[in-house]
Amino acid sequence: MISLPGPLVTNLLRFLFLGLSALAPPSRAELQLHLPANQLQAVEGGEVVLPAWYTLHAEVSSAQPGEVPFVMWFFKDKEKEDQVLSYINGVTTSKPGVSLVYSMPSRNLSLRLEGLQEKDSGPYSCSVNVQDKKGNPSGHSIKTLELNVLVPPAPPSCRLQGVPRVGANVTLSCQSPRSKPAVQYQWDRQLPSFQTFFAPVLDVIRGSLSLTNLSSSMAGVYVCKAHNEVGTAQCNVTLEVSTGPGAAVVAGAVVGTLVGLGLLAGLVLLYHRRGKALEEPANDIKEDAIAPRTLPWPKSSDTISKNGTLSSVTSARALRPPHGPPRPGALTPTPSLSSQALPSPRLPTTDGANPQPISPIPGGVSSSGLSRMGAVPVMVPAQSQAGSLV
């Protein structure tokens with residue numbers, strides 16, 4: 001095959017075809033080109049023949065020996081018009097997959113297209129110019145036909161949307177990625193028993209099948225068929241209906257339980273640490289705590305028992321009243337803790353005429369009375385600021 005001429009050569013050849021037809025003297029023969037009026041359809045991947053032929057009608061005879069045809073086929077897409085085949089002076093040039101059905105010269109100009117693709121759809125024009133054996137033009141004609149390349153459905157994909165358990169709702173979807181014209185869908189259940197579905201549960205345009213309130217009897221193999229005018233493709237999905245909670249529910253319950261236990265353990269640990277932190281400051285001995293003030297003990301006249309208790313606290317000096325007013329600057333003796341806790345009765349003096357009465361302690365019982373009754377004064381230990389006994 002000779003390579004196809006460029007666009008400039010193509011336009012030049014077409015101009016020559018039209019120029020020869022316009023400059024030719026009136027001919028007694030009339031050329032008629034015949035092409036189908038209806039649109040031709042073909043399937044992608046196959047082949048098609050675009051039928052075309054011409055006739056010459058003369059005054060004397062319908063056949064003219066030695067006639068030479070010049071043939072050109074053009075394809076016009078959305079952007080430009082392109083030449084796909086030409087036969088000029090006994091030489092044929094064409095694109096790959098394009099050829100004439102019959103050997104030239106011939107009045108049958110049919111064109112064969114192989115390995116069709118969807119992009120091959122569109123208008124095809126056939127132009128023919130016929131000359132006699134002397135080179136005189138006998139006639140010219142050009143006509144156009146329409147080709148539509150159809151695409152069968154590509155294998156669809158089936159999917160299950162939802163959790164297939166008893167009482168739940170699921171949707172079976174089916175989609176074919178490519179087809180021409182658009183496909184329609186049909187869902188059937190093949191196993192364990194055949195069942196076909198219709199609207200409204202079936203959407204033939206979108207390819208979805210809605211199954212509500214699932215039961216165990218609805219389990220099986222579901223087949224989706226995508227079909228158009230030139231082909232059919234299918235896919236299937238197996239529906240298994242479970243009676244228990246789904247795996248996602250079980251996993252969620254387990255995760256929730258673990259999280260709850262973790263939070264509970266954290267709260268217990270936090271409470272324990274907080275209680276321990278509150279107990280530690282009370283038991284700590286502060287190094288900078290101030291020691292309690294030591295109270296003065298009685299002198300030699302005071303007697304303390306061996307067991308550490310104060311058996312008797314009697315101080316004659318403390319019991320004697322002052323003989324006169326205190327002198328300026330003189331210190332007044334301070335009674336001891338025992339004398340403060342258990343005030344002693346005042347002893348009678350011999351200096352005065354009237355003896356001082358014995359002052360009772362609160363409750364109406366005097367100190368001497370308590371002594372006769374066997375009462376023993378007790379020393380109360382002092383307590384530091386931190387709470388420990390000193």
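Every residue, even glycine, has its Cβ placed from backbone N, Cα and C.
Annotated features, as they stand in TrEMBL:
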COMPBIAS  333-342  compositional bias 'Polar residues'
DOMAIN    26-146  domain 'Ig-like'
DOMAIN    156-242  domain 'Ig-like'
REGION    316-366  region 'Disordered'
SIGNAL    1-29  signal peptide
TRANSMEM  246-271  transmembrane segment
For the domain 'Ig-like' (156-242), the averaged pLDDT of the predicted model is 94
Sequence-distant contacts of the transmembrane segment (246-271), meaning Cβ under 8 Å and at least 6 residues beyond its ends, amount to 163, 165
